[in-house]
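Encoded as structure tokens, the structure appears first; notes follow it.
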Amino acid sequence: MFVLVAMTDTVRIPPWNFERILDDAVVEELNKKLANKVVYNIGLCICLFDLIKMEDSYVFPGDGASHTKVHFKYVVFRPFLDEIVVGKIRSCGPEGVQVSLGFFDDIIIPPESLQQPSKFDETEQVWAWEYETDDGTHDLFMDIGEDIRFRVIDETFVDTTPTGPSNAGEPATPSGSGTVTVSGTESAVQEELQKKQAPYTLTGSISEPGLGLLSWWNS
């Protein structure tokens, strides 16, 4: 679930931190920059593990801060595919079950990856597994806050780096009644929706025997 990733970055130390030990100042700046952030195709950064090497520091004209190229190892949350993870049900909806690990909430279990047959209860807003027994069918509900065991089957990274509007160079087009319609509005809306996407999402499955709510298997 947690891995060590070797990374390299140039750390800027402001002048008011020159009186501190360089290692301590570098650790603080790296954690300030990376902790609780998603790095594209790397994962969710947790905390600095170790400083491997620090190269010479430089002060550039017009900037009183020092700049140091640092090689380091960082603790990153990135479960491997097929790993079994335990979390809590955060919410349910027609699109599936959303799971939280406490520090990471962007986990979705789609309807086709639930135990089959399953149905979504519109009244209770929860999913239920229609469990077959000798006495008939029983509904086992996935209540909010329940512990759930699932298998990681996919991961998705989305580049959320801000970009300029695609039609920024096109002039505004005047329309009737004194209003002005800006060309490229639809593209701007699509870009805004893309920005709201989670940068890192996990997809899980509980369709296999032995997976699902822990209370089912411990009872």
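Positions of Cβ are set from backbone N, Cα and C atoms, glycine also.
Lifted from TrEMBL, the feature list:
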- 174-184: compositional bias 'Polar residues' (COMPBIAS)
- 8-64: domain 'RNA polymerase Rpb7-like N-terminal' (DOMAIN)
- 83-217: domain 'RNA polymerase III subunit Rpc25' (DOMAIN)
- 159-184: region 'Disordered' (REGION)
Segment-level pLDDT (mean, integer) for the domain 'RNA polymerase III subunit Rpc25' (83-217): 80
DSSP residue counts for the domain 'RNA polymerase Rpb7-like N-terminal' (8-64), split into helix, strand and coil: 16 helix, 25 strand, 16 coil
